[in-house]
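Note sheet for the following structure.
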Amino acid sequence: MSGEFSLIDKYFAHKQQSRKDVVLAQGDDCAIVAPSNGSHIAISTDTLVSGTHFLADADPAHIAHKALASNISDLVAMGASPAWVSMGISLPEMNASWLERFSSAFFKLADYYGIQLIGGDTTRGPLTITLTVQGLVPEGKALTRHGAESGDWIYVTGKLGDAKAGLDVILEKNISGDRELNSELQRRHFEATPRVLAGLALRDIASSAIDISDGLISDLGHILKRSNVGARLNVAELPFSDELVRFVGGTEAAQQYALTSGEEYELCFTVPEANRGQLEVALSTTPFTCIGRSPGLVS
Ligand code: ADP
Ligand code: MG
């Protein structure tokens, strides 16, 4: 697009301290990276389209946060530590204040997790953001969806349901009379962050993992299908916030939200009986809850 170079320079090029494993970032035909020996590279791409994944008039800071957080969440669900990101962005117009807010929020999160923007492409068109993230995982240590076995215990990190309630508020589908509660749940939707430390700590402990982006039922379903095992969930153990109960008006409704809410970027993972004891130490800074077991052994 015309003015592409100045736009890239102004908002996207060389805004971060370079990682040691980045040989060449923006400015040439390709970026060059140098992963250390013994590392595998995990790669994931996600596209966010205006009107489908966010409202056209959404705060650009929220769009940037969501785009990067959801991509980083895919990396950590594999046990990969975030390293590099490329951005394809299509913009309907050159809007300086929009770009300013978008890029500052993007780099704030990117710097926090040590992931470096190494390249991309900028075009004119309907607002769309495609990110390709790459992360590092020691050879053979990636957490997959296909490793769960009969008898494994099923866990989730954090609390579930707030992101769906926040989305209800944003879409004005369901709004509580309590304005502070509405805005708190909306904030939790927009500011959800990926469970990076937990994902890395689970490498040696979990048999499978996935990030919850479509809802627990659906995402746990992916693990079960790929691992070819079943699950018995203890719905009474589902973790959710007091704010969610207030918002939906009761425990049962909160459980429904916890089962179907996505985009809080919590992890769902399975752990073999033999590794259960290590969880407390490995996840010492992350809240987690056992919500069931893959049937096969009598508990
Ligand atoms: P090319 O003509 O080779 O496709 P471009 O003009 O598209 O190169 O981009 C010039 C440089 O700027 C490249 O190094 C590219 O990776 C980088 N770049 C373009 N758009 C973005 C963006 N949105 N974010 C980060 N880097 C970008
Ligand atoms: Mg290009």
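Cβ from N, Cα, C; glycine included.
Those TrEMBL annotations? Automatic predictions, nothing curated.
The domain 'PurM-like N-terminal' feature in TrEMBL is assigned to 27-137.
Following the DSSP three-state reduction, the secondary structure of Asp211 (Mg(2+) 3 binding site) is strand. As annotated by TrEMBL, Mg(2+) 3 binding site applies to Asp29, Asp74, Asp211.
Per TrEMBL, Mg(2+) 4 binding site is recorded for Asp29, Ser44, Asp74. In three-state terms derived from DSSP, Ser44 (Mg(2+) 4 binding site) belongs to an extended strand segment.
If you look up TrEMBL, you'll see Thr45, Asp46, Asp121 marked as Mg(2+) 1 binding site. Within the same chain, residues at least 6 positions away in sequence whose Cβ sits under 8 Å from that of Asp46 (Mg(2+) 1 binding site) are Ala67, Ser70, Asn71, Asp74, Thr130, Leu131.
Under the three-state DSSP scheme, Asp74 (Mg(2+) 3 binding site) falls in the helix class. Look at TrEMBL and you will find Asp46, Asp74 tagged as Mg(2+) 2 binding site.
DSSP classifies Glu263 (substrate binding site) as coil under the three-state reduction. The local packing around Glu263 (substrate binding site), expressed as other Cβ atoms within 10 Å of its Cβ over all shown chains, amounts to 23. According to TrEMBL, the substrate binding site annotation covers His53, Glu263.
The ATP binding site feature in TrEMBL is assigned to Gly120, Asp121, Arg145, Ser213. Within 10 Å of the C-beta atom of Arg145 (ATP binding site) sit 19 other C-beta atoms, taking all shown protein chains into account. According to DSSP, Arg145 (ATP binding site) sits in a coil region rather than a helix or strand.
Annotation source TrEMBL lists domain 'PurM-like C-terminal' at 150-276. Per-residue pLDDT, averaged across the domain 'PurM-like C-terminal' (150-276), gives 96.
Note: Asp214 (Mg(2+) 5 binding site) has non-local neighbours Gly262, i.e. same-chain residues 6+ apart with C-beta under 8 A of its own C-beta. The Mg(2+) 5 binding site annotation in TrEMBL covers Asp214.
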In the domain 'PurM-like N-terminal' (27-137), how many residues does DSSP put in helix, strand and coil?
35 helix, 46 strand, 30 coil
Candidate binding-site residues Asp29, Ser44, Asp121, pick with smallest Cα gap to Ser213 (ATP binding site):
Ser44
For Gly120 (ATP binding site), list the number of other Cβ atoms lying within 10 Å of its Cβ atom.
19
